[in-house]
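The substrate binding site annotation in TrEMBL covers S7, H64, G140, W141, S142, G143, D173, G174, G175, G195, S196. Taken from TrEMBL, the feature divalent metal cation binding site applies to H31, D33, H64, D173. Here TrEMBL flags D33 as active site, proton acceptor. The feature active site, proton donor is assigned by TrEMBL to D173.
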Amino acid sequence: MIKIAPSLLSANFSCLAEEIKRIEQTADMLHLDVMDGHFVNNITFGPVVVSAIRSKSKLLFDVHLMITNPAQIIPAFIKAGADIITIHAECRDELLPTIRMIKDAGVKAGVSINPPTPLEIIIPLLGEIDLLLIMSVNPGWSGQGFISEVLPKIREAKGLIERDNLSVEIEVDGGINIVTGKQAVEAGAEILVAGSFVFNSSDPCNTIEILKNL
Ligand code: DX5
Ligand code: ZN
């Protein structure tokens, strides 16, 4: 079954604990979008907030770092309770040492690629990571439209992972709804991040169930 990771970016930030309760029963993980105002033109939250909500949820914390220099702040996210930490292939830090730092701490490591970034640049890392996060919007905001040009990239990644028998999960993030979620799953996605589609719905737990069964 498909795993669903609701993105807290679309929640009401004045009451995060209550918002997490709205998705806790059916979500598989909680997707936490960290933005530094440099890698993307938006700023969200850091380890202090992750630590504060850690005790409010039993879900896996799937931390997506849209940060230019993630390495220096990763230890703080590990301490805050991250279960999966994903860095961007387009960041300025060296990817392999940063991935190893995450894994050495017993945390799962992911790499993400933006829509214009070719899959080729992360192929050498596939044997090192637990998660490949394929962006289906340009990162920065929730509520954007799904860029369907990324579908061949998902298919290609799935093919490579299966060919080499690797244990890398493919997560797709941005513009997910019933139609685009189905397209992503058919292309090979195993985890769907959904922000506005889940949090803007009247029954988020049911919306998650619908996405899981795509
Ligand atoms: C975009 C973030 C996404 C976003 C998803 O920069 O990485 O996780 O919040 O939101 P929706 O599902 O509304 O596109
Ligand atoms: Zn994200």
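Think of each number as a place in line: the chain as shown, counted from 1.
Including glycine, each Cβ sits where the backbone N, Cα and C put it.
In TrEMBL, annotation is done automatically, which means it is predicted and not curated.
Other C-beta atoms found within 10 angstroms of the C-beta of G140 (substrate binding site) number 16, with every protein chain shown included. The Cβ centroid of H31, D33, H64, D173 marks the divalent metal cation site; residues of that chain outside this set whose Cβ lies within 8 Å of it are A5, S7, L9, L32, D62, T86, L133, V193, G195, given in sequence order.
The Cβ neighbour count for D33 (divalent metal cation binding site), using a 10 Å radius over every protein chain in view, is 24. Screening the binding-site residues G140, S142, S196 for a C-beta under 6 A from any atom of ligand 2 leaves none. Applying an 8 A CB threshold to same-chain residues 6+ apart, the list for H64 (divalent metal cation binding site) reads H31, L32, D33, V34, T86, G110, S112, L133, D173, V193. With a cut-off of 8 Å between CB atoms and residues at least 6 apart in sequence, the same chain places H31, L32, D33, S142, D173, V193, A194, G195, V198, F199 near S7 (substrate binding site), listed in sequence order.
When secondary structure is read from DSSP and collapsed to three states, H64 (divalent metal cation binding site) falls in the strand class. Each of the binding-site residues S142, S196 was scored by the other Cβ atoms within 10 Å of its Cβ; the lowest score goes to S196.
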